[in-house]
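Have a look at the structure below, then the notes.
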Ligand SMILES: NC(=O)C1=CN([C@@H]2O[C@H](COP(=O)(O)OP(=O)(O)OC[C@H]3O[C@@H](n4cnc5c(N)ncnc54)[C@H](O)[C@@H]3O)[C@@H](O)[C@H]2O)C=CC1
Ligand SMILES: O=C(O)[C@H]1O[C@H](OP(=O)(O)OP(=O)(O)OC[C@H]2O[C@@H](n3ccc(=O)[nH]c3=O)[C@H](O)[C@@H]2O)[C@H](O)[C@@H](O)[C@@H]1O
């Protein structure tokens, strides 16, 4: 099948490569000329393991191309995936301006029957809006169908998640569109859920919100574990072995961030509010998450006293390992709190390079970052931070104090190296 991907960000590029792997002919379209030029030359504009090789391979084999010629791209393809961003609007809802823009452009250029697929995360009722926006801008009356097919990949393991999904959700209102989607996904070995558009839209928000809820639950339990001197990791393991609960997403730490959980939870809360319903359990999850960075800063203050003029090393800026995405990264909340308390901050991250305009200092190596510091805070669970030689770091620091914001470091090793070690729900 000939597939057009509109929006070549994390989701669009991964989706394009996955369909290439399944033998389809794929075109990527984006309004960002720089991104398109980079992709055309075989270079990714973001960091994501495994995608680089596939990009080069499919460009070479000729079943992948990138363009800015919108009318031609829309006319020549059978299925159009909308993969543009749906950022949080000022009132907390999902801002659909990019989706609307794409829908209107599709409407203008529609020349024959096509299936238009919402892969972006969009609130309940968006498939109807997309249908309306397309119809209003059609210059020729041509039939089309809108399908909701939410994406569940995680950054850092995008390729694996998209090639081997746990499920494929297809929300539709036409048997013809369903047939197209079944054909498209016929080589995927996972449950295929055939449902309504509104249900598919809701499944996506319900899934992300449930995972966010799980994290806030374990984070709040971890605070209680701190007081009771219990290891929260043992609790996660003990409850996670119950298959009804599951071990995943029970790692306590500085809270969840990223381009999706914060905005999607907020959008679902807004949907509830607009419909005069309450999702108080989710409101509590947000409250816990917002206060989580502060909990760690307070540990630091309790040990060091005033942070005025203290030098603090922050390890990690990405919101999670194996990505260079810093959207809603808890690291920035930690840095902000540290700076407000008067500390001077040095930062290291293996993939993120911040530009100018920041008050903190970014350095190239871990050694440089930790040297002459009064405390070290680990904010991103990069593998390389687990392998740090703490005995040698001990010789470089002014004060031996480590806060492990991801609960991943070896506490015994660090204590033996002469550091005071603080995590959450971990002694
Ligand atoms: N990042 C992730 O891990 C996941 C994201 N999602 C959802 O997928 C959607 C996309 O997310 P990302 O890929 O992270 O966004 P992104 O911000 O990385 O990429 C969006 C792309 O759309 C392009 N764009 C905007 N307007 C356009 C237009 N009119 N025509 C063509 N291109 C246009 C932008 O230039 C950009 O390259 C969001 O709704 C997000 O919630 C869903 C699952 C995972
Ligand atoms: O809609 C989306 O964009 C995606 O959002 C998340 O994926 P992602 O944000 O890439 O990353 P996650 O691995 O889910 O991590 C999100 C945040 O939760 C934190 N987290 C995760 C797990 C955990 O146990 N504890 C914890 O604090 C991570 O450090 C990170 O800050 C979901 O896991 C994906 O299924 C979904 O498709």
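Heads up, residue numbers simply count up from 1 along the chain you see.
Cβ atoms are placed via backbone N, Cα and C, with glycine included.
A TrEMBL annotation is a machine prediction, not a hand-curated record.
Annotation source TrEMBL lists active site, nucleophile at 260. Among the features that TrEMBL reports, NAD(+) binding site is placed at 30, 35, 86, 121, 155, 263, 327. TrEMBL lists 152, 153, 154, 155, 204, 249, 250, 251, 252, 253, 257, 320 with the feature substrate binding site. Feature annotation from TrEMBL assigns domain 'UDP-glucose/GDP-mannose dehydrogenase C-terminal' to 313-411.
Comparing CA positions across the binding-site residues 30, 86, 121, 263, 327, the one lying closest to residue 257 (substrate binding site) turns out to be 327. Counting every protein chain shown, the Cβ of residue 263 (NAD(+) binding site) has 23 other Cβ atoms within 10 Å.
Residues distinguished by a CB atom under 6 angstroms from ligand 1 are absent from the binding-site residues 204, 252, 257. Every protein chain shown contributes to the tally, and the Cβ of residue 155 (NAD(+) binding site) ends up with 25 other Cβ atoms within 10 Å. Across the residues the record lists as binding substrate (152, 153, 154, 155, 204, 249, 250, 251, 252, 253, 257, 320), the two Cα atoms farthest apart are 24 Å from each other. Broken down by DSSP into helix, strand and coil, the domain 'UDP-glucose/GDP-mannose dehydrogenase C-terminal' (313-411) contains 28 helix, 18 strand, 53 coil. Taking CA atoms as the reference points, residue 35 (NAD(+) binding site) and residue 152 (substrate binding site) are 23 Å apart.
With a CB cut-off of under 6 A applied against ligand 2, the binding-site residues 30, 86, 155, 252, 327 are reduced to 155.
Straight-line distance linking the Cα atoms of residue 252 (substrate binding site) and residue 260 (active site, nucleophile), rounded to a whole number, equals 19 Å. Among the binding-site residues listed (152, 154, 204), 204 has its Cα nearest to the Cα of residue 263 (NAD(+) binding site).
Between the alpha carbons (Cα) of residue 155 (NAD(+) binding site) and the residue listed as 'active site, nucleophile' lies a span of roughly 10 Å.
Across the annotated binding residues for NAD(+) (30, 35, 86, 121, 155, 263, 327), the two most widely spaced Cα atoms sit 24 Å apart. A straight line from the CA of residue 154 (substrate binding site) to the CA of residue 260 (active site, nucleophile) spans 10 Å.
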